[in-house]
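Asker: The annotation active site is assigned in Swiss-Prot to ASP58 on the grounds of sequence analysis. Swiss-Prot lists LYS29, GLY30, GLY31, VAL32, GLY33, LYS34, THR35, THR36, GLU236, ASN263 with the feature ATP binding site, giving sequence analysis as the kind of evidence. Sequence annotations record features per position, and here Swiss-Prot assigns Zn(2+) binding site to CYS275, CYS278 based on sequence analysis.
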Amino acid sequence: MVDNLPPLEPSLQNLVEQESLKWIFVGGKGGVGKTTCSSSLAVQLSKVRESVLIISTDPAHNISDAFDQKFTKVPTKVNGFDNLFAMEIDPNAGLGELPDEYFEGENEALRVSKGVMQEMINALPGIDEAMSYAEVMKLVKGMNFSVVVFDTAPTGHTLRLIAFPQVVEKGLGKLLRLKMKLAPLLSQFVSMLGMADVNADTLSQKLDDMLRVITQVNEQFKNPDQTTFVCVCIAEFFSLYETERLVQELTKCGIDVHNIIVNQLLFLDKSHNSCSMCASRFKIQEKYLDQIADLYEDFHVTKLPLLEKEVRGPESIKSFSENLMIPYKPKE
């Protein structure tokens, strides 16, 4: 009987031990501690993987604050680690705002102007943001990190990030089907811009390469052995509602999700008197924890504490990350 099965391990140990995983997304409603959780997961992964990259796709770029180190649009080693890297990208930025490293070829003849790429995709509504993600993914795949953790923006941006391979595949597919008709026009266009080294074949090759990478990424995103999503929430109505909506959307997109983190929990000693505010909050969270247990009985549900001090800096994150592996128990 299924009902007699023991509950799943209340930790992220299953993810850390799953060597086949390539992409791990961490997301949820704003203000629930996604960055702390994603940074902590990246730290734990760095103990068992050869190289780990954490990417922030949240415009707030909180991982710089979390690790107390400034990160950029290019992977940078995190202080205090040999194999953990971090980078921040703006999900609202288009191709024109990506750094030159993303567009460099082996020589000048293979270098494709950002301006030309921008002009080409402007005719495809909604693809600019997706193409920005696509260039980032192409760069990241080329660096062969063992696993990539995404610290995502609040839910709306997250769902667009998940869907970007399909958007790019559709858009580039249209361009490539038209490339024979476009070739003379593109040649004239780049000639007018004074870029003799860039021709229609070069642009076409660039798009072909991009499409090949994105098709592979799309396949990997749909493969539960390679991609999974970790939902972070707090024990309150709106956060739980958003989490359920996110789980349903991820399921529609074919993205694996079987881990939920419930963050910022009060762990009260019932044998001692607590302040009335703490007792009230504890009662509320107990109510929603019961609902979470009912809704997600086939999920790994990890419970993390609300701390007196903020989690900031490499050492603080290292310490907090242990709670992802061993269920938290308050000190006696």
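Placed from the backbone N, Cα and C atoms, the Cβ positions cover glycine too.
Show me how these features fit into the structure around them.
Answerer: Around ASP58 (active site), taking its Cβ as the centre, 24 other Cβ atoms fall within 10 Å, counting all chains.
Less than 8 angstroms from the CB of GLU236 (ATP binding site) sit ILE284, GLN285, TYR288, each of them six or more residues away in the same chain.
Of all Cβ atoms in the shown protein chains, 9 besides its own fall within 10 Å of the Cβ of CYS275 (Zn(2+) binding site). Following the DSSP three-state reduction, the secondary structure of CYS275 (Zn(2+) binding site) is coil.
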Asker: Taking only same-chain residues 6+ apart in sequence, whose CB is under 8 Å from that of CYS278 (Zn(2+) binding site), what do you get?
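Answerer: Correct list: LEU266, LEU268.
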Asker: Spatially, and counting Cα to Cα, which of the binding-site residues is closest to ASP58 (active site)? Options: LYS29, GLY31, THR35.
Answerer: THR35
Asker: Counting all other Cβ atoms within 10 Å across every protein chain shown, which of the binding-site residues GLY31, GLY33 scores highest?
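Answerer: Going through GLY31, GLY33 one by one, the largest Cβ count within 10 Å is at GLY33.
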Asker: Give the maximum pairwise CA distance in Å, whole number, for the residues LYS29, GLY30, GLY31, VAL32, GLY33, LYS34, THR35, THR36, GLU236, ASN263 listed as binding ATP.
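Answerer: Across LYS29, GLY30, GLY31, VAL32, GLY33, LYS34, THR35, THR36, GLU236, ASN263, the widest Cα separation comes out at 19 Å.
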